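Asker: This is the structure I want to talk about, given as structure tokens.
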Amino acid sequence: FVWAGWCPNPPSLFFGGLFDCGTSEMGIIDKLAKLSPLQVNAIVGAVCSVPVGFYAKSLYDDMTNPHVYNTQREGRPEIGGPYTMIDHFGVPRSQASFLGTWQLIYFGFTHCPDVCPQQLERMTKVLNLVEKQRPDAKLSPMFMCCDPGRDSVER
């Protein structure tokens, strides 16, 4: 086994001279066709393990980042019943403010770059469709913020 110093990659005994830098008359396709199943599995495994490793590292970094999974739970949510909230003008509102109307409510984040704008566009299409088919229908579309720590009337 002698490695010529001018070759950037030394020939590999395991890969059957696949990287022998032109010392053979066989083309790369011919060399690939002569690889054993073990050699093919080794090449595929090596090629696939790199992106999987980077993905696993990014998942680990996200899970260990305290800012990503820092949640607090306080009590149990009350579903249904009376409610009060502050609208975008800072005016307090309750369920009595919307009596006699259908309430179309979307819960989201005002700092949401992807999902929320698409869903609000979908809500607009629904409102337009209902308005065409039932012009007498009274609808009250609402966007309710789920993140009062970042979203406020001022923002």
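Cβ coordinates are placed from backbone N, Cα and C, and glycine is handled just like the others.
According to TrEMBL, the record shows the following:
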- Cys112, Cys116: Cu cation binding site (BINDING)
- Cys112-Cys116: disulfide bond (DISULFID)
Asker: Measuring CB to CB from Cys116 (Cu cation binding site), give everything in the same chain under 8 Å that is also at least six residues away in sequence.
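Answerer: In sequence order, the residues whose Cβ lies under 8 Å from that of Cys116 (Cu cation binding site) (at least 6 apart) are Tyr106, Gly108, Phe109, Thr110.
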Asker: Using all protein chains in view, find how many other C-beta atoms are within 10 Å of the C-beta of Cys112 (Cu cation binding site).
Answerer: 16
